[in-house]
Amino acid sequence: MAVYNTKLCLASVFLLLGLLLAFDLKGIEAESLTKQKLDSKILQDEIVKKVNENPNAGWKAAINDRFSNATVAEFKRLLGVKPTPKKHFLGVPIVSHDPSLKLPKAFDARTAWPQCTSIGNILDQGHCGSCWAFGAVESLSDRFCIQFGMNISLSVNDLLACCGFRCGDGCDGGYPIAAWQYFSYSGVVTEECDPYFDNTGCSHPGCEPAYPTPKCSRKCVSDNKLWSESKHYSVSTYTVKSNPQDIMAEVYKNGPVEVSFTVYEDFAHYKSGVYKHITGSNIGGHAVKLIGWGTSSEGEDYWLMANQWNRGWGDDGYFMIRRGTNECGIEDEPVAGLPSSKNVFRVDTGSNDLPVASV
């Protein structure tokens, strides 16, 4: 009887530890907003004025067409980075790089690897909170080109629809680290196999203000392609040490990474310059692709980012954000992985050497 009670007690302890790990969260949390706030327009002339009249802002704000009719609630839906259960980080290595590595003062992955056209793509997540999936899929697509010399676009839809609860809640938000883990154990098909657009040419949420998470089909839209053969994998998942030198070294050596940050109301108004938070409430967490860095003419160090709100937002779809101060938590948790050669037929470049950055 005593042995049975001991086993029962141990089982209870392990169950409790499991629950604590499952619900112990890490990451970005949004403010609790009132219904009145959620129903108000996200774009405000007052915010534009406050930013543009601030001599120390370092960036310009505007009422851009992308969110001209959107409420705060509709804008918030796009911010799909959820606080991540800490269990997802168990066993995930934190990568650092040789501090003596000499890095350029400015770097842009688009020009470093000009053969990789995917790096410069600006996509549109529509009305779905799928930023966590876009940041991951776009970065891995770029890394396949950098590593293997092949331009491919991987499928956001596969990750969004088929990863399930492990990755979060699909269009209602997810976990960037879990997206990269999905690449390792399940792989992700190409955009050609499982596109993010339906047969009417409407982006998955483009037609509806609250598009539901698509269903996982595990079948290519073209009968000429097999789902299993279209899968592309990563061989590792890791976070990058949270300091500018290591983040720069990772991008310089391996290509773009996925980063997350806290979005405030003023960010919706970004037009140009080096963003830093000036005014407005914390709306939620957003994930994007980090493709480079530099220093502005005013002497402000910045990260160069590719967003997925189409080219009508920001600076032709891109934005710069202050570097070295962990602005809005941007340097907290860069996530990445290395592409696998499984299912890949390497492009013959006439050399056994891997492509490297040209700077």
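Even glycines carry a Cβ here, placed using N, Cα and C.
Given the structure is predicted, the values throughout are model-derived calculations rather than measurements.
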I want to verify the bond table. Which candidate from Cys162, Cys163, Cys220 sits on the other end of the disulfide that Swiss-Prot records for Cys193?
Cys220
Correct disulfide partner for Cys116 among Cys145, Cys162, Cys163, by Swiss-Prot, is Cys145
Determine, on the basis of Swiss-Prot, the cysteine among Cys163, Cys171 paired with Cys167 in a disulphide.
Cys163
Mapped DSSP class for His286 (active site), helix or strand or coil
strand
I'd like the number of other C-beta atoms within 10 A of the C-beta of Cys145 (disulfide bond), please.
21
At a 10 A cut-off on CB-CB distances, which of the disulfide-bonded residues Cys163, Cys216 has the highest count?
Cys163
Surrounding CB atoms that lie within 10 Å of the CB of Cys220 (disulfide bond), all protein chains
20
Long-range Cβ list for Cys193 (disulfide bond), cut-off under 8 Å, min separation 6+ in sequence, same chain only, gives Ser155, Asp158, Cys220, Val221, Ser222, Lys225, Trp227, Ser230
Fewest other C-beta atoms within 10 angstroms of its own C-beta: which of the disulfide-bonded residues Cys128, Cys162, Cys167, Cys171 fits that?
Cys162
Taking the Cβ of Asn69 (N-linked glycosylation site) as the reference point, list residues of the same chain whose Cβ is under 8 angstroms away and which are at least six residues distant in sequence.
Lys41
